[in-house]
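Asker: Mind looking over this structure? Questions follow.
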């Protein structure tokens, strides 16, 4: 067994459902990883000796040297045979061709100094103790006052108790509004209780055994526009005015915690209710971002600015009401959900259309991909074409369309099949590759990825939440593509056009599938 460092050891973490942790030698010995049982990688593009790793526990870094032919990636840097890179804690090593991620982690020694704590999802040795019964999940007691967690603030007032049912509320526009009458508060004290009926209703809920919770998005804190301490003071003043104990969860950044994504609810259920299960059916969420249409009630001419609160309730499965419906007993107003519903997406359905065509050609050809950033092009191409021997040409990797053309021409001269993995929105961007095919005397086909802009934006948000190494794609880029887009036609010179519907990957981890099917933008 390798000697442990003075404080712990470095290890590599696979995605959920992947192989077990890979511990790195702490004595300077090299560890070679590649295709094999340790990584559970069977892709023949990955060499059995793909990378050499040398861990340095003192600096908590790992030197990575590529041994295999196909590229490994360290963080955002793609390696070549014989070249090296360095991993720091939290960095991701992609074993080959941007696939099979392994994240560098550090494991502290236990306080006893005899055995380090097991990493997440790693079972302990049953022989280490006499009692081999499964250990009970640790119950975390809620701390009174404020806690600053990663991209999340949590406040627990005195008197808050764990309960099996929750009455949860948005803050601005639901429990309070501006005293000035303006849309946004002009100062920390520019607020008042939205309706006089609210305090009494909250007292009734508390008496009925509900835990009272506030879920609020406050992106201004993460952007540095709203000082956290100022907002904390405002929350405490509001709670004092309401007169009942609340637990408050504040999302300060985009991502998993920001409504409508369910991260704040997940934290409440898993970390902030002292192990008491919460009945979703017996709970409720109240919010004003409900997707209501213009003129949704007499005197209410403006449509809702967002649907995030209603979508948050949908994601969690909570009964939902607006403040007017809940506190004033107004009838339900008409509303509209987003055009794209991620709950409808699955791994079923045709891989491509028409199904009578062949996805792959046995002979040299050029395949030109067309589709929004986030339409699923690269994943599909890597999984189905590159794995079958097609040469992958990508502008993000090569840097310019001129280099893409040169790479395409070089591959065709070698009798290779080529796939152009760019967005290619218009006729001129596609024509250069059609010309490459004509010059080489080979056919050119188009793979048109059918994801709409709404779905592509959803896909990009999903990638940002699940892959820290993925560069965000701005809305400006997305709308620019939509403006440039010209549907591909056979008249351009394509032999065939295949339509590629977006499908979830069949091997996607169930937890990631659940996350993908959540609404992620209001």
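Cβ coordinates are placed from backbone N, Cα and C, and glycine is handled just like the others.
Quick paste from Swiss-Prot:
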type: MOD_RES; residues: 1; note: N-acetylmethionine
type: DOMAIN; residues: 6-110; note: domain 'FHA'
type: REGION; residues: 110-142; note: region 'Disordered'
type: MOD_RES; residues: 114; note: phosphoserine
type: MOD_RES; residues: 122; note: phosphothreonine
type: REGION; residues: 145-336; note: region 'Phosphatase'
type: REGION; residues: 340-517; note: region 'Kinase'
type: BINDING; residues: 371, 372, 373, 374, 375, 376, 377, 378; note: ATP binding site
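Are these features on the surface or tucked inside, and what are their neighbours?
Answerer: Within 10 Å of the C-beta of residue 374 (ATP binding site) we count 27 further C-beta atoms, all protein chains included. Following the DSSP three-state reduction, the secondary structure of residue 374 (ATP binding site) is coil.
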Asker: Enter the number of other CB atoms within 10 angstroms of the CB of residue 375 (ATP binding site).
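Answerer: The answer is 25.
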Asker: Which residue, out of the binding-site residues 371, 372, 376, 377, 378, shows the minimum number of other Cβ atoms inside 10 Å of its Cβ in this structure?
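Answerer: Looking at the binding-site residues 371, 372, 376, 377, 378, the Cβ with the fewest others within 10 Å is that of 378.
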Asker: I'd like the number of other C-beta atoms within 10 A of the C-beta of residue 373 (ATP binding site), please.
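Answerer: By my count, 21.
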Asker: Beyond 371, 372, 373, 374, 375, 376, 377, 378, what residues of that chain have CB atoms within 8 A of the centre of the ATP site's CB atoms?
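Answerer: Not counting the recorded site residues, we get 423, 449, 451, 456, 459.
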